[in-house]
Amino acid sequence: MSLVVHLKTVAHLRGKGDRIAKVTFRGLPLYSRVAENCEEVAYFNETFRWPIASRLDENEMLEIQVYNYSKVFSNRLVGTFCMVLQKVAEEGHVELTDTLIDDNNTSIKTNVTIDIRYQSMDGTVGMWSDGEYLDVPDDRDGMFAFETDSLLSGQSHGSDLLFSLISFNRAGRGVFSAMKLGKTKSSKDDHRRGDEPAILEMEDLDKKAMRLAGMLEPDTISLASVTAVTTNVSNKRSKPDIKMEPSAGRPVDYQISITVIEARQLIGLNMDPVVCVEVGDDKKYTSMKESTNCPYFNEYFVFDFHVPPDVMFDKIIKLSVIHSKNLLRSGTLVGTFKMDVGTVYFQPEHQFYHKWAILSDPDDITAGSKGYVKCDIAVVGKGDNIKTPHKANETDEDDIEGNLLLPEGIPAERQWARFYVKIHRAEGLPKMNTSIMANVKKAFIGENRDLVDPYVQVQFSGQKGKTSVQKSSYEPIWNEQVIFTELFPPLCKRIKVQIRDSDKVNDVAIGTHFIDLRKISNDGDKGFLPTLGPAWVNMYGSTRQYTLMDEHQDLNDGLGEGVSFRARLLISVAVEILDTTSPEIISSTEVQVEPISNISESATGKMEEFFLFGSFLEATMIDRKIGDKPISFEITIGNYGNQIDGVSKSSSVKKKKKEGENGEEENELIQNSSEDEDDDDGELTSVSSTPPMKPFITDRNYFHLPYFEKKPCVYIKSWWQDQRRRLYNSNMMDKIADKLEEGLNDVQEIIKTEKAFPERRLRGVLEELSIGCSRYLTLANKDVNLSGRTKLDRERLKSCMREMDSMGQQARQIRTQVKKNTVKEKLKLAQNFLQRLRFLADEPQHSIPDVFIWMMSNHKRIAYARIPSKDILYSVVDEETGKDCGKVKAVFLKLPGKKGFGHAGWTVQAKLELYLWLGLNKNRKEFLNGLPNGFEEIKATKTGQSVPPVTLVYNMKQVFQLRAHMYQARSLFAADSSGLSDPFARVFFSAQSQVTEVLNETLCPTWDQLLVFDDVELFGEATELRDDPPIIVVEFYDQDTVGKAEFIGRTFAKPTIKMCDEPYGPPRFPPQLEYYQIYRGNNTAGELLAAFELLQVTEATYLTSLMQFLGVTDNQIFARFLKTFQNLSYLVMFIHSHGLTSFFTQDLPENELLHPPLNIRVVDCRAFGRYILVGSHAVSTLRRFIYSPPDKSCSNWASAGTQSEEESDKEKRKKKKKKKGGLEEEEETDERVLDWWSKYFASIETLKEVVYSALFHCSLFFLGLKLESEYANFEDWLHTFNLYRGKAGDDDEHALDDDRIVGRFKGSLCMYKVPLSQEITREAGYDPNMGMFQSIPHNDPIRVLVRIYVVRATDLHPADINGKADPYIVIKLGKSEIKDKENYISKQLNPVFGKSFDIEATFPMESMLTVSVYDWDLVGTDDLIGETKIDLENRFYSKYRATCGIASSYSVHGYNIWRDPMKPSQILARLCKEGKVDGPHYGPGGKVKVANRIFTGPTEIEDENGLKKQTEEHLALIVLNHWEEIPRVGCKLVPEHVETRPLLNPDKPGIEQGRIEMWVDMFPMDKAAPGPAIDISPRKPKRYELRVIIWNTDEVILEDDDYFTGEKSSDIFVRGWLKGQQEDKQDTDVHYHSLTGEGNFNWRFVFPFDYLVAEEKIVISKKESMFSWDETEYKIPPRLTLQVWDADHFSADDFLGAIELDLNRFPRGAKTAKQCTLSMIRNEQELPTISIFKQKRVKGWWPFVARDENDEMELTGKVEAELHLVTAEEAEKTPVGLGRNEPDPLEKPNRPDTSLMWFLGPLKSLRYFIWHNYRWLILKALGLILLLLMLGLFLYSIPGYLVKKILGA
């Protein structure tokens, strides 16, 4: 069904101009070409066609708008014509002429003549034939009226302008790559006037582009398709893939560097922590720190790997803190942190810098954080460079919560979650055992076993879980779930699910599948937790036949592209966030495996019958190794169609049962064994392979199969769950993405070749994208309510729709912002869209397995191609159809697995022209629609109409002649040891091939040769062939005298076609030369400049065209290609040959694209006139050397006077600052304190000294990069070309091209039109011999003093076993070498060298400076750690004046002294003279005028004695610092700087081995000698002494119980040390028996230490162990640790609490014990802090803390202490004693008596104890005893007394 509108003319227009028409139907606008310079009438004569999927509705509208076209401004609307299509829908054909209406809906004179036809599906409305329009005189081809027709138009012949991106075109390699293949220039467009040359001028491009028909808008025209492509549009052909080699699976170098800086808040009492760093299976440990909860390590670890990227990114980085590990015990785990390498690699700059990792305990998930570890983690691949972020100040980093080691967007509080991976069942497993044993068993027992014992292993975040083993089953059913407990969101991206075969010896993988959590979840606010399935996942790997040693076993482990279907597995994934507070939770993170219930059959979708049809139209380029035996091709989908190693029978019987239960009436699952087949119900058999055939010889290297008229076909029926929607969804997004990618490549190409209006094209691309998105939404909307979908399907659809909606809106918004100057940044945004689209399009739940095509020879599988099933899937809706469905696709077969790497992977095993169609069986009637017409079907001997054909026979045959004009190639691959090649090209077309001549010793061969292929037979209708010519393959080889020619590269092209009824003449003939990118593997290997034409030959035309052809010799054709030359001339200057300037005049074409490459060769002239090639370099593009005269008009005079005010402002500010700072900080700003390092640290913002005024004068320009990258390699006029010799390395070894460099050619090139313009020749001092190079220095040898300052190196790669290195510097320049070996720095990866070296050099002989860092070894040779190379000559001659950096201020003494022997005023005068600039004129009042610009500045300077003098230097310096503002000659001069250069090691190419901070000064020896070098030797640490007096403690918790009385008491003592000096720890005496927690000590600790003020670090030098050769220097932060202990006599002392004070910032002590609380530590961040280095003396109370069982902080005591800091000199003057000793003794503490030990005065202590506590009790008891005594006495004595009384004795 389609609607066709033929726009004939627009008449009665006003004025004269260019017109363009826009025809819109159903929202899809198509544009006409531009009708140029028309007056009254615009003749368009164009046809527009809309294929439509639904019937034409009577109310639909057609709109035609006519515009006045303008290249520069937006087009102006002339008028609009609207028409309701009711009549068209009824009659099918309407012709009419009608007037237009303007904006105000009033009719205007202008009228339009159109002819509309509508053809409906069923043919009820007027039929029409393709031919009807072809006789219209000026028509473009009526058949295909628009080329880049939109993706969205829903047309039935898919507009296949999309790249066939099977696996790699992702990188988008510029227009060259695949552009040539599918774009079009219409057959009869641009009938330009005959005399106009067929060469592209830029201004025509736009018009020409407009003429390319139907586009969305003028912007959307693909410019690249105009310049680069002359092919015809293809509606029945797909693009081939250019790059052959699979990139995945190839090992690459990686380096992971981890610095463990420190740990904080570790849970546990008085621990001895060690950090273990684990990457994959490698473990490394830090040293152990004693008794501290916040250890400082600062240790650097490096792990090197050489593995494929996928393996690398799945490795887990694990940091664990272990408490007290030593030789005897492994220690207890405190907590761990896990993250995969991929997460780090995909961070900005591939790193986390100074971030805190949260530790959690894997055995107890209810507990919270177990502490924090601060670390840097960086992952570097080859060629990545890592920028170290500027060190923020420490306080920011101490904010732990704000600097967590987590990627953006992940919450700090991560929750624990359970990850359930449910494994239901699998099917289609391959045999994994030999069948010998099975046959024996069968003989004995009579049962037939399946030969595989599968189980599933799931790996996630470093843990593994396995299901049970299902013995001998091809279709195992597990129904088990593996449960992982991990923090959510997890920092590990992929779950690895692997089916393995259990075996007594070793288990092997059957297949592997990775689940990417990012694809099955969405973290947005409307996002969803990871969920998947239940869905089938397909696993691919090696071929299915069982061998003991499987050479492709890696493929089964998921490395590389699988070459065969292995199995499919039904799994689902779910995540549940845990509530860790609930009591019944299992607190361990061990992996658990549990059984689950069975899942219903229908859960994964309804089984449907699918039909796959394939037809082989051509098989050529078959490798000669396999050409001697008959060859057949087999197509498989899953196990269907697999005849050699498909499914065994037993399983099909089981399947039969299953199918029966399902109630599906299929008789049996059709396998390929014929006896299995049951044809009662007329079911058709599958034919999955072509009949074997013997190949014919094409040429020496390749064979072809004789598929001439007869094309073999295959077809397979298969049954899969119907989940096509998933694939449709991917296809829609892929098509939008392909279109976007193509557009973006265009824009890049336009920018790259500096063509006009890239912004227009970008606007068009964004417009297309937004329309694509809205079209996607309408199509996806009808999906929303489909049932039978998994949760992921529903959620994914929602999130895709949200994403596409927002993307469409953003695209629209960005489109409005695209301006000429913002193109590049908007292009970046658009590239982000592309990545998002590609990410969205990747469907995580598989449905139909991929299709494999195997070439079989002798029942062995030789080579294969894999085609994703979505690409060939049919849908009624066009957007949903796969991009290769029902199209002819050129498929290149490659070798499986590792065989496909390297050279073997680049040779084509076979090239197929293949037609594929996959769809539901019920849609089968469509399957032949896309084939080229003109065939009849030959069916297998079967009755019944519905059987597909086995062969197609083409009766229509067209004969063509192909002419390949091979002009030249450039930048080819160097294949010989001379660094050149002997290239020839071999052109393949259909089954023929021809070869160009061999040109010796060149990388830029100009063959200028015509290859004629006669009698090329192509099958099909002429018109279709005209639209769809087959592709031409061109291969390049290097001819070797001995042995086989070596493959250099390959490219594809499409010819321009002339049918016999078309004239041979402009504009299309002769065709234009074009560039084709040549690929070798995945790498580009040059470009080919050629043209190809295909001429149809009938007997009659054959002679005439031959006559015509012979009349035009080859050279004339090229002359016609390169018409309109202009005499451009070259002038080339070679500096290295005695300043010789040579120039030659050369005729060159005006089109820059066609300029030939320039070859530079250096030869050695030997005796007898022999020449030997030393090295060569080919400059492939001369564009950057073309001279364009400077634009005089736009100089910046305007900004003349602005400088002065701003300068003086600065000065005022400075003065104010001085006044403020002057009073309080008097001592600090003392000039003597300042040195070069003050300046250095001020520049990198780590200087903590408050130095006000002095530093304002002297900041260093600090470069995080090489100086070269800031200043364009200093190639402002002196260009460096590497001269190569030797064979180029392949692929991975590309970095080793350095080995091929035999020298460098330095010179300057300039190209300009010949006679020179008057302005130049008239200038004073013009030397005609020098041409353009007037002011270039001579290159007589010049002696130069080179002064190299090396500041320090950072992050060196460890070179010794102990993970450290002993670095020293080696400097080489020419023959001289300086080795600083005796000054090596022991065991240090961040050494501070602080040295300067002087070397004398002679330019140009010695100009390459190498600074290397070596590792000193006691025994054996020293190893190179890394080196950096600097080209001094380029710097010396550069206009940026890189000899000696210009400081920001001028002073004549002190550390900031002017280094250059020339004063600023002399430099300025010289620059003005050389640049012919007026000035400098110094005026009164501190003004200077240069080139009409006025600068102001101070005019006084102080000398050493403090005397002020008048000087002009400051003024001159201000001008120099602003030299870039001077018109015409201005450029930024190199300031005083320190550059950070990467150190590289040739053994590990492309990976940084550390960095070095340095700079170079150069002074010519013939000028004044420079002063002495600046002293940058490292600062010596200053000696300090910290005196800590422990006065009292209070409220210390009581630990001991008294034996007798059960009383609580403590024997308190305090211990203290400075961090890093644990061995010097000091204890007070013991305060025994404190009952209240009060202790009195009056005890002094004395800690001497060396301290670096600038870095805030204590410096400790000590031997690492008894065996160390020398002392190692450590730098650690100054932290004082005080601990309170309870002394025990017989057991170990008990630790009670501790406090750690960072001497630079610690809370001020409380005045009294009462005010001292826990909040002093808890809220440390908020409280004001003090530094002992400023206060010098501090006294107060500080709390002791420890953690209780629940890891809560608790207060365990308070200490009153006094800290006193003195310098070493002061300490000598006023010495003090330790403890309470002389000198300056402290008085004894006043302790209560009990503190005497009880066994020294037992009575006393008893008295004290008993009396103190029980005195009332004792008194009462005594009273009672007396009473009782008296009572007893009374009772005792009363009887006697009474007797006495009675008796009266």
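Backbone N, Cα and C define each Cβ position, glycine as well.
So that you can see what the record holds, here are the features copied from TrEMBL:
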- 662-683: compositional bias 'Acidic residues' (COMPBIAS)
- 1193-1203: compositional bias 'Polar residues' (COMPBIAS)
- 1-98: domain 'C2' (DOMAIN)
- 236-357: domain 'C2' (DOMAIN)
- 396-531: domain 'C2' (DOMAIN)
- 944-1069: domain 'C2' (DOMAIN)
- 1327-1445: domain 'C2' (DOMAIN)
- 1566-1717: domain 'C2' (DOMAIN)
- 648-692: region 'Disordered' (REGION)
- 1192-1224: region 'Disordered' (REGION)
- 1814-1836: transmembrane segment (TRANSMEM)
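When averaged over the domain 'C2' (236-357), pLDDT in the model lands at 85.
Break the domain 'C2' (1-98) down by DSSP state and the numbers are 6 helix, 60 strand, 32 coil. For the domain 'C2' (236-357), the DSSP-based tally of helix, strand and coil residues reads 14 helix, 61 strand, 47 coil. Sequence-distant contacts of the transmembrane segment (1814-1836) (same chain, six or more residues past either end, CB-CB distance under 8 Å): none. By the count of Cβ pairs under 8 Å, the stretch nearest in packing to the domain 'C2' (944-1069) among 236-357, 396-531, 1327-1445 is 236-357. According to DSSP, the domain 'C2' (944-1069) comprises 6 helix, 65 strand, 55 coil.
Counted with DSSP, the domain 'C2' (396-531) comes out as 17 helix, 56 strand, 63 coil.
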